[in-house]
Amino acid sequence: MGIQGLLQFIQEASEPVNVKKYKGQAVAVDTYCWLHKGAIACAEKLAKGEPTDRYVGFCMKFVNMLLSYGVKPILIFDGCTLPSKKEVERSRRERRQSNLLKGKQLLREGKVSEARDCFARSINITHAMAHKVIKAARALGVDCLVAPYEADAQLAYLNKAGIVQAVITEDSDLLAFGCKKVILKMDQFGNGLEVDQARLGMCKQLGDVFTEEKFRYMCILSGCDYLASLRGIGLAKACKVLRLANNPDIVKVIKKIGHYLRMNITVPEDYITGFIRANNTFLYQLVFDPIQRKLVPLNAYGDDVNPETLTYAGQYVGDSVALQIALGNRDVNTFEQIDDYSPDTMPAHSRSHSWNEKAGQKPPGTNSIWHKNYCPRLEVNSVSHAPQLKEKPSTLGLKQVISTKGLNLPRKSCVLKRPRNEALAEDDLLSQYSSVSKKIKENGCGDGTSPNSSKMSKSCPDSGTAHKTDAHTPSKMRNKFATFLQRRNEESGAVVVPGTRSRFFCSSQDFDNFIPKKESGQPLNETVATGKATTSLLGALDCPDTEGHKPVDANGTHNLSSQIPGNAAVSPEDEAQSSETSKLLGAMSPPSLGTLRSCFSWSGTLREFSRTPSPSASTTLQQFRRKSDPPACLPEASAVVTDRCDSKSEMLGETSQPLHELGCSSRSQESMDSSCGLNTSSLSQPSSRDSGSEESDCNNKSLDNQGEQNSKQHLPHFSKKDGLRRNKVPGLCRSSSMDSFSTTKIKPLVPARVSGLSKKSGSMQTRKHHDVENKPGLQTKISELWKNFGFKKDSEKLPSCKKPLSPVKDNIQLTPETEDEIFNKPECVRAQRAIFH
C-alpha cells in the first residue's frame with residue numbers, strides 16, 4: 001500500500017507538526033487507516049466472527065481529539081473497487097484468506113501468539129464496519145463521505161478544491177495525486193509529520209527541475225498500486241532517469257531507461273501501456289463533489305483525452321446513486337439501501353466541544369460540507385472584514401499620553417497588615433523568652449548579693465578557698481549533685497555540650513574535680529571503715545556509733561600523720577574544704593550490701609590528683625581514728641599479706657582499688673587501712689608520691705607495722721616523680737595512666753610461687769635517668785635474670801593458726817566487702833561459704 005521508501009526519500013520536505021496548527025480549519029481523514037489500526041486490537045474476534053466494536057472506539061478517540069483542538073474533521077471512506085486495482089485487490093484478498101486459514105490452524109494447535117499474528121494480517125475492513133463508524137461520527141455532528149472508488153483520490157480532490165486545508169493519512173500515494181499538505185503518522189496527541197508540496201524543492205535528490213508531473217512519473221516508475229516497477233528500478237534510479245532526461249515525452253524516456261542508467265534493461269510494451277493507464281488513474285479518477293453533489297474527475301479532462309476510454313479510472317453512474325453512496329446509505333458492493341440519512345432533512349446538531357465556546361457561536365468551517373453555503377476557508381471571512389479595518393484612522397506619527405486608570409490590568413492584591421499592638425513593650429516581649437531562673441538571679445542581684453555567692457558563703461567559711469562561680473550559672477538546679485558537677489566544670493573550664501556528655505567515654509580532662517558516690521556496707525554484724533577517705537566519711541555520717549566508733553583527738557591525728565611519710569600538717573583552710581565536701585556528699589544515700597557485692601560498681605572519683613600534699617583527708621580521718629594502739633601480729637602473717645598485696649598490685653596494673661573494703665579484721669587492720677587510705681582518698685588530693693603510687697593497695701592491706709615496713713623497703717626502687725594521674729570513670733574497669741614525663745618501670749622476674757603468683761623482687765630498681773640503659777654497670781644481664789627465675793623447692797612453713805594456701809582462695813581477687821584475713825578466721829565461716837560456694 002503506497003509507495004515504498006517515499007517518506008525517507010523526501011524527508012527534507014517534512015517537518016514535525018501538531019494538528020492544533022489547523023485550529024478553526026477543516027481536515028480530511030483517511031478513516032480506513034484508523035480502522036485498520038483499531039481492528040488489530042480485536043483481530044481474533046473479527047476472525048472468529050464474534051461481535052465487537054473496539055475499532056469504533058479507537059476511531060472516535062481520534063475524532064474527539066481533533067474536536068478538542070478546534071479542528072473540523074471530515075471522515076472519508078473507501079468505496080467501490082477501482083478497475084485499475086482489481087488485480088492488486090484480488091492478490092490481497094487471497095493473501096488475507098490464506099492468513100486467516102493459517103491462523104485458525106495454529107489456534108487449533110494451541111499456538112495462540114502465532115495465530116494472533118496471522119489474524120492481524122488477515123483483517124478485511126468491510127463496509128458494514130465502516131458504517132458503524134459513520135453512525136458514531138454523525139452522532140457527534142462530524143461529516144462523513146464515502147468515496148466512489150478510492151479514498152486517496154477523494155482526499156486529494158477535497159484538498160485541491162480547498163474544501164479541506166490538510167489531509168491526515170498513512171498512505172504516501174496522496175503526494176502522487178497532487179495533495180498540497182499531508183499529515184503522516186499522526187498519534188493520539190495530534191503530533192505527526194507534515195509534508196508540504198511547496199517544500200519538495202528542498203530535497204537535494206529531486207532538485208529544482210522537478211515538477212508535480214515529474215514527481216508523479218517518478219512514483220509510477222518506482223512502483224505503485226496501479227503498476228509494478230521494472231526489475232531493479234526504485235526511487236533513486238527513477239529520479240536519476242528523470243533528472244537526466246530532457247525529453248518531455250515520457251514514453252520515449254521509458255524506452256531509453258537502460259541507456260540513462262547504463263543497464264541492460266528491456267522495457268516491454270505492456271509496461272508502457274500500464275504506465276499510461278496508471279498515469280491517467282492518478283489524473284482522472286472519479287471523485288464525488290459534495291458541494292455540487294455529482295461525480296467529477298480528479299482533474300479536468302484534457303483536449304486529447306477521451307473519457308470513454310478511461311473506464312479503468314472509474315465508471316460513471318447516476319448522480320443520485322453516487323449521492324446515496326457518498327452518504328453511506330447504499331452498500332458499495334451490492335448497491336443495496338442500508339440507511340436513509342439525508343443532510344437536508346436532518347441537519348447536524350451544533351454542539352460545543354470546549355469550555356470557551358459559546359452557545360450558538362459557530363467558528364469558521366464548522367458548517368456541514370453538504371450545505372451549499374459551506375465556507376471551506378478562513379480567507380473568506382478575513383476578506384469580508386478587510387474593508388472595516390481600513391476605515392479605522394491611522395495612528396502613524398501620533399503621540400498621546402495614555403492613562404491606565406480605566407484599564408482592568410492584572411495587579412497584585414493589596415495585603416492589609418494588621419496594626420501593631422503598642423501596648424506590649426520590648427521588655428515584656430523579651431521577658432517572655434527568658435527563663436525563670438534568670439529572673440530570680442536578677443532579683444538577687446538587685447539586693448546586692450547574688451544567690452550563688454550567698455550559697456557559697458555558707459558552704460565555704462574561708463573566702464580564700466571559696467570556689468568562684470560563673471555569673472551565668474542559674475541559682476536553682478534540679479539536685480545538689482547537678483549543682484556540684486556544674487561548678488566543677490566551670491572551674492576546670494570544660495566545655496559542656498548538652499546531650500553529648502558521656503560518663504563512660506570521655507577524656508580525663510572532662511571529668512576533673514568530680515566527687516564520687518558514697519559507698520558503705522554492713523558485712524555480717526559490724527561496719528568497719530576502710531582505706532578510702534570517702535568511705536570513711538560517708539560511713540561515719542550514716543552510722544557513727546556502730547560498734548564503738550568514736551572520733552579521735554588531736555594526738556590521734558598527729559600519730560596518723562606521722563605514720564604516713566610525705567604528709568604535711570593540716571591547715572584550717574584544708575579543713576574548710578573537707579567540711580564543704582562532707583556537706584555536699586551527706587545527702588547521698590549509701591547502697592545496700594547486695595549492690596556492693598557485685599562484679600561492677602561505680603569507681604571512687606573522677607577528680608584529677610594534684611601533686612601538692614592535701615591534709616584534708618587526714619582531717620577527715622581524725623574523727624574515725626581509734627584511740628587504742630593496734631596489737632602486733634605474727635611476722636609470718638604480715639609477710640603473707642604483703643605478698644598478697646604485691647601480687648594484687650601487679651595484677652591490677654599497680655592502681656588503687658576503686659571501692660572500699662569491709663571485713664571482720666583486727667584493730668591493726670583498721671589502723672593500717674585508715675593510715676594508708678590517705679594515698680587513695682577520693683575527696684582530697686594525694687600526697688607527693690614518696691611512698692609510691694603503685695604500693696597504695698599494698699599499704700591498705702597491711703596487717704601490722706611489719707607490713708608497713710615491708711612496703712617502705714620498696715620506696716627507693718621506684719620513681720618519686722609526681723606525674724601520675726588517675727581518673728576513675730564510674731562503671732568501667734580502672735586502668736593505670738602515667739604522666740608523659742615518667743619512665744617505664746622494669747619488673748624483673750622472681751622465683752615463682754607454688755600458687756602461680758609471682759613475688760616482687762626487693763632488688764628491683766627504677767631508672768632515674770633516661771640514659772641508664774646505656775651504662776654497662778647498671779644494665780641487667782640475662783644470666784642474672786635466669787638466676788632469679790626458678791621455683792622454690794622448700795615450701796613455706798605456715799603457723800598452726802593458719803590454714804594451708806589454697807590455689808583457689810589465694811588466686812581470686814578479694815572483693816570490696818572482704819579483707820585478707822576473712823578466710824583465716826574461724827568465726828567467718830559463713831562468709832567463706834557465701835563467697836566460694
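Heads up, the Cβ atoms here are built off N, Cα and C, so glycines get one too.
Taken from Swiss-Prot, the feature Mg(2+) 2 binding site covers D171, D173, D225, and the record attributes it to similarity to another entry. The N6-acetyllysine annotation in Swiss-Prot covers K480 and rests on similarity to another entry. Sequence annotations record features per position, and here Swiss-Prot assigns phosphoserine to S589, S601, S614, S666, S737 based on similarity to another entry. Under the heading region 'N-domain', Swiss-Prot lists 1-99. Swiss-Prot lists 129-386 with the feature region 'Interaction with MSH3', giving similarity to another entry as the kind of evidence. The region 'I-domain' feature in Swiss-Prot is assigned to 138-229. Residues annotated as region 'Disordered' in Swiss-Prot: 345-367, 440-477, 555-589, 608-740. The region 'Interaction with MLH1' annotation in Swiss-Prot covers 387-488, 778-837 and is backed by similarity to another entry. Feature annotation from Swiss-Prot assigns region 'Interaction with MSH2' to 591-837; the stated evidence is similarity to another entry.
Here the features listed in Swiss-Prot are painted onto the structure.
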residue : record                : Cβ within 10 Å
D171    : Mg(2+) 2 binding site : 23
D173    : Mg(2+) 2 binding site : 22
D225    : Mg(2+) 2 binding site : 21
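In the three-state DSSP scheme, D173 (Mg(2+) 2 binding site) falls into the helix class.
This prediction places the mean pLDDT of the region 'Interaction with MSH2' (591-837) at 48. Secondary structure of the region 'N-domain' (1-99) per DSSP, as helix, strand and coil residue counts: 59 helix, 16 strand, 24 coil. Classification of D225 (Mg(2+) 2 binding site) by DSSP places it in coil, neither helical nor stranded.
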